[in-house]
Amino acid sequence: MKLTKTALCTALFATFTFSANAQTYPDLPVGIKGGTGALIGDTVYVGLGSGGDKFYTLDLKDPSAQWKEIATFPGGERNQPVAAAVDGKLYVFGGLQKNEKGELQLVNDAYRYNPSDNTWMKLPTRSPRGLVGSSGASHGDKVYILGGSNLSIFNGFFQDTVAAGEDKAKKDEIAAAYFDQRPEDYFFTTELLSYEPSTNKWRNEGRIPFSGRAGAAFTIQGNELVVVNGEIKPGLRTAETHQGKFTAKGVQWKNLPDLPAPKGKSQDGLAGALSGYSNGHYLVTGGANFPGSIKQFKEGKLHAHKGLSKAWHNEVYTLNNGKWRIVGELPMNIGYGFSVSYNNKVLLIGGETDGGKALTSVKAISYDGKKLTIE
């Protein structure tokens, strides 16, 4: 038995290592989960979410750099906004915030940050869809946004909940009605949206040939788009993955294999996973789900996560030749942070871990096709 364990450990650590000598990045000044960010040149911008109305920057090319706070975001505190960078400027869209009545509401406003003079400007536009649970990435002179919750349905749920006051029975009735629906009845966004800053125009880039998502990992590299998992209704994720390609006829999509299950576990899909590219390899890690929810849904339970506990994850997956495999594990569970590809590494910034605790850590992972390195 001891020989078997030793052999297994040797094989495991031959595939991934923890590097003590590589460049390390300073922790965030505050834990940021449910926030957003973008990379402009060598500078990364991260903020909002549990960071309140603050944004912070870090010069990645300077080994001695520390996080710096920039001008306060003028749109107020909000969770799950979308951000991307175009032409050296940072764009922030939507999110979830409380109104004057204390109701959580989806907002569809837009802001631009100019690093050259450290100023924000509210843009004269509104997103055509709710952008909570949406994922964004830039390509050329546009920001592309995938998925998201339905503004009217989501806002209505929170309005009804606040209106119920302290009436627990009424609140339970509202929650039961909200969660006891089919995925398609939540009307998650099923179009790929784009926003072009130079014209201040939104565009419908076509329907996605798969179910609407919230909290999907969404990455654009060159002309390829990758979508990994996400919620298909509140509390229920999918293990599906998809790949798109920009063509003269628009984005052409194809299905990829489902994300595999870790050994001895079920694969209930992930929301809030982090992703990026290292040495040409696509990596995705972390995320959260409700183990057993897909099984309950297949048994006919629409409230698929009822009675289940939320779990955070640490597996690192890579996509190679159209197939997924697990190449290692992070030292901690993580989800709902910000990830960015930089210098052949994927930086995992902030996020949350078990129980929803906000993280200040900045980790870097890299993969060369044989070995996963975690810094």
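Backbone N, Cα and C define each Cβ position, glycine as well.
Taken from Swiss-Prot, the feature repeat 'Kelch 1' covers 43-87. Positions annotated as repeat 'Kelch 2' by Swiss-Prot: 89-140. Marked as repeat 'Kelch 3' by Swiss-Prot: 142-176. According to Swiss-Prot, the repeat 'Kelch 4' annotation covers 177-222. Residues or ranges marked as repeat 'Kelch 5' in Swiss-Prot: 225-273. What Swiss-Prot lists as repeat 'Kelch 6' is 295-344. What Swiss-Prot lists as repeat 'Kelch 7' is 346-375. According to Swiss-Prot, the feature signal peptide maps to 1-22.
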Per-region confidence, the repeat 'Kelch 7' (346-375) (mean pLDDT, whole number): 98
DSSP residue counts for the repeat 'Kelch 5' (225-273), split into helix, strand and coil: 0 helix, 24 strand, 25 coil
DSSP residue counts for the repeat 'Kelch 4' (177-222), split into helix, strand and coil: 7 helix, 19 strand, 20 coil
Interface check, the repeat 'Kelch 1' (43-87) with the repeat 'Kelch 5' (225-273), three or more C-beta pairs under 8 A: no
